[in-house]
Amino acid sequence: MSQSRPPVADPTPRVVVPAGTTAGAAVREAGLPGKGADAVVVVRDAEGQLRDLSWTPSADAAVEPVAANTPDGRAVIRHSCAHVLAQAVQQQFPEAKLGIGPPVRDGFYYDFDVERPFTPEDLRALEKRMKQIIKSSQRFSRRVLDSVEAAKAELKDEPFKLELVDLKSDVDTDEVMEVGGGELTVYDNLDPRSGDRIWGDLCRGPHLPTTKHIPAFALTRVAAAYWRGSEQNPQLQRIYGTAWESQEELDAYSERVAEAERRDHRKLGAELDLFSFPDELGSGLPVFHPKGGIIRREMENYSRRRHEESGYDFVNTPHITKGGLFHTSGHLPYYAETMFPPLSFEGEDYYLKAMNCPMHHLIFRSRGRSYRELPLRLFEFGAVYRYEKSGVVHGLTRARGFTMDDSHIYCTQEQAPGELRSLLAFVLDLLSDYGLSDFYLELSTRGDTGKFIGSDEEWAEATETLRQAAVDSGLELVPDPGGAAYYGPKISVQAKDAIGRSWQMSTIQVDFNHPKRFGLQYTAADGSRQQPVVLHRALFGSIERFFGVLTEHYAGAFPAWLAPVQVVGIPIADEHVEHLEQVAKALRERRVRVEVDTSDDRMQKKIRNHTTQKVPFMLLAGGKDVEAGAVSFRFRDGSQINGVPVDRAVELITEWIAGRENTSPSAESVRVEH
RNA sequence: GCCGCCUUAGCUCAGUCGGCCAGAGCGGCUCACUCGUAAUGAGCAGGUCGUCGGUUCGAUUCCGACAGGCGGCUCCA
């Protein structure tokens with residue numbers, strides 16, 4: 001149908017908009033699509049500014065058409081859809097006051113001040129109303145307000161918008177799309193026939209030409225949100241929605257959401273009998289069941305081995321300490337509210353450990369240290385407890401009790417850059433051994449709040465050292481101003497999982513404050529006393545969180561080397577059990593976790609059970625196999641290899657596990673022949 | 001911590017507009033079946049309807065507090 005359209009050779013084709021004509025006309029003239037998923041919805045001018053199709057430059061302007069199915073195009077669709085939502089809300093609830101309504105990842109939201117919170121029924125009614133608005137093809141029309149006074153007069157019934165008008169100089173961000181760019185504009189929704197103004201909103205734009213250009217949307221949930229993101233401000237009711245350039249894309253998005261739900265580690269943790277959160281223990285305190293315990297142990301064991309090989313020393317420290325230690329470190333009183341309240345006895349306040357570093361510093365300080373010992377790398381799987389607010393506790397990824405794979409590296413100033421580089425390489429290498437391979441880095445630097453300790457020079461130097469190490473890694477580096485720890489800047493490694501979600505994994509921090517506070521010293525070659533630099537580093541972040549991330553990454557189908565049960569023998573009939581027990585014995589001798597299913601379920605049922613339990617290798621044996629001294633493989637994906645000689649089967653499974661292969665074995669990937 | 005929603009058997013969920021013995025599927029246990037690649041059949045057990053308090057002749061059902069969960073906000077050394 002669209003075959004006559006010329007192929008797009010230039011990735012960013014330009015269209016020239018003649019002076020005094022609209023961008024839309026030029027786009028049409030150029031033969032670019034006006035409807036469908038690749039419809040041009042706005043253009044980008046020479047300054048990079050997005051403009052409405054109704055934009056009319058006063059001089060000829062070369063612009064870049066922006067299609068609906070691009071990140072910018074989708075943002076415009078979503079933002080316009082937010083306006084439609086707001087119009088629907090004010091039709092249905094005339095007393096509702098408007099907050100802000102920006103596009104966000106995969107969708108949009110709009111905040112409202114209403115007398116009572118929205119209900120799910122409200123959402124359904126609003127969706128219906130929005131569909132009518134979209135169908136009526138209202139035109140989005142931009143209007144420049146003459147002055148701040150004019151704006152205030154127009155917005156006299158919208159207290160939050162008024163506030164934005166007064167704040168406009170410092171709210172020109174992507175989040176607040178209402179105002180910006182030096183002038184105040186309103187987008188009116190006009191009736192396509194009469195041109196009457198139906199609704200309007202303070203907004204910097206740009207917008208779609210008409211509401212009909214919103215091809216597919218859905219309202220997804222309601223929540224409360226603080227006005228302008230501050231706990232001090234009133235809470236508004238936020239409605240979230242999603243909008244896409246086509247119904248197919250909306251469906252695909254819904255499918256991604258459903259897939260994420262299926263992978264939810266909290267759900268899989270129960271289904272696969274890995275861990276639970278007993279109410280009796282309290283919120284955020286997990287227990288690991290035997291199968292979860294195996295995965296956890298394998299994760300830890302491999303990490304332990306790699307750390308041993310890389311020159312780390314293993315230490316152990318207690319879970320509780322007198323409060324003085326955390327005063328020395330500076331954690332108290334800054335972070336008192338995120339630590340559990342103290343236990344008072346014998347005239348002392350004892351705190352549950354919220355971080356391991358102070359205790360490691362004490363180990364460093366326990367005797368005189370020589371430069372010959374540096375870098376000294378102390379490592380511990382250290383359990384910590386943090387009083388996370390009740391509303392943020394979330395499965396294994398945000399728990400109140402968890403285990404950090406924590407290490408502190410004490411080195412000289414000169415050693416720090418090299419140590420950081422090799423540390424980062426080590427971290428990325430180890431993470432990829434667990435099957436995560438898509439990384440980017442975030443550099444968290446000092447902010448201007450009072451929580452950061454230490455001098456400007458020290459911060460600048462530490463930040464630069466970290467930045468350099470990050471740049472040397474060749475990975476994408478995203479700045480995170482104000483995100484540093486109070487004692488120093490940090491790099492965090494963000495990993496993307498199998499369905500493209502990012503998780504913060506490792507953090508690496510440079511710390512020049514703790515050495516000072518703890519009076520850490522070593523004797524240098526010239527006999528002088530020097531202060532070491534401390535590098536803090538958690539690789540998994542926390543074992544629990546990494547466990548949760550891996551569970552979701554693999555959708556519960558753990559690599560064979562991590563799987564709680566690696567092999568299950570399934571006899572066709574009872575008389576074949578003996579044969580499988582022999583195979584199991586051989587595997588068990590090679591430390592393979594193997595079971596033979598002797599239950600009186602039918603063979604088909606056993607296959608189903610162990611498939612849903614995501615066992616990587618199922619070994620079936622019937623008369624033919626017994627006779628041939630063989631077994632038949634069935635894999636998670638349903639593929640099979642029949643009649644594999646027992647010796648070869650044992651060898652093959654052992655090799656697969658020892659190779660720490662992270663993909664699921666299948667008839668295609670497993671090679672029977674040598 | 002804040003806002004909203006939720007909590008019935010091990011799990012997933014019906015149900016009670018306030019009233020005799022609260023149901024189903026899966027799971028568990030028992031028995032029969034011995035089977036060639038995702039659910040064999042029959043039977044049995046299992047619930048103080050999250051906890052505490054209030055209203056009521058009577059509460060699993062209505063109200064409140066608390067705990068736990070879910071979705072957000074805020075926070076995240």
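Even glycines carry a Cβ here, placed using N, Cα and C.
Please treat TrEMBL annotations as automatic predictions, because they have not gone through curation.
Keep in mind the model is a prediction, meaning the values are calculated, not measured.
Noted in TrEMBL for the protein shown:
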DOMAIN    A:1-67  domain 'TGS'
DOMAIN    A:295-559  domain 'Aminoacyl-transfer RNA synthetases class-II family profile'
BINDING   A:Cys357, A:His408, A:His536  Zn(2+) binding site
A correct count of other C-beta atoms within 10 Å of the C-beta of A:His536 (Zn(2+) binding site) gives 23
Secondary structure content of the domain 'TGS' (A:1-67), with strand meaning DSSP E or B: 7 helix, 17 strand, 43 coil
How would DSSP class A:His536 (Zn(2+) binding site) in three states? strand
Applying the rule Cβ within 8 Å of the centroid of the Cβ atoms of A:Cys357, A:His408, A:His536, what extra residues of the same chain belong around the Zn(2+) site? A:Met355, A:Asn356, A:His360, A:His361, A:Asp406, A:Ser407, A:Gln509, A:Asp511, A:His514, A:Val534, A:Leu535, A:Arg537
Close in space, distant in sequence - A:His408 (Zn(2+) binding site), Cβ under 8 Å, 6 or more apart: A:Asn356, A:Cys357, A:His360, A:His361, A:Phe364, A:Arg377, A:Leu378, A:Val534, A:Leu535, A:His536, A:Arg537
For A:Cys357 (Zn(2+) binding site), what is the tally of other C-beta atoms lying within 10 angstroms of its C-beta? 24
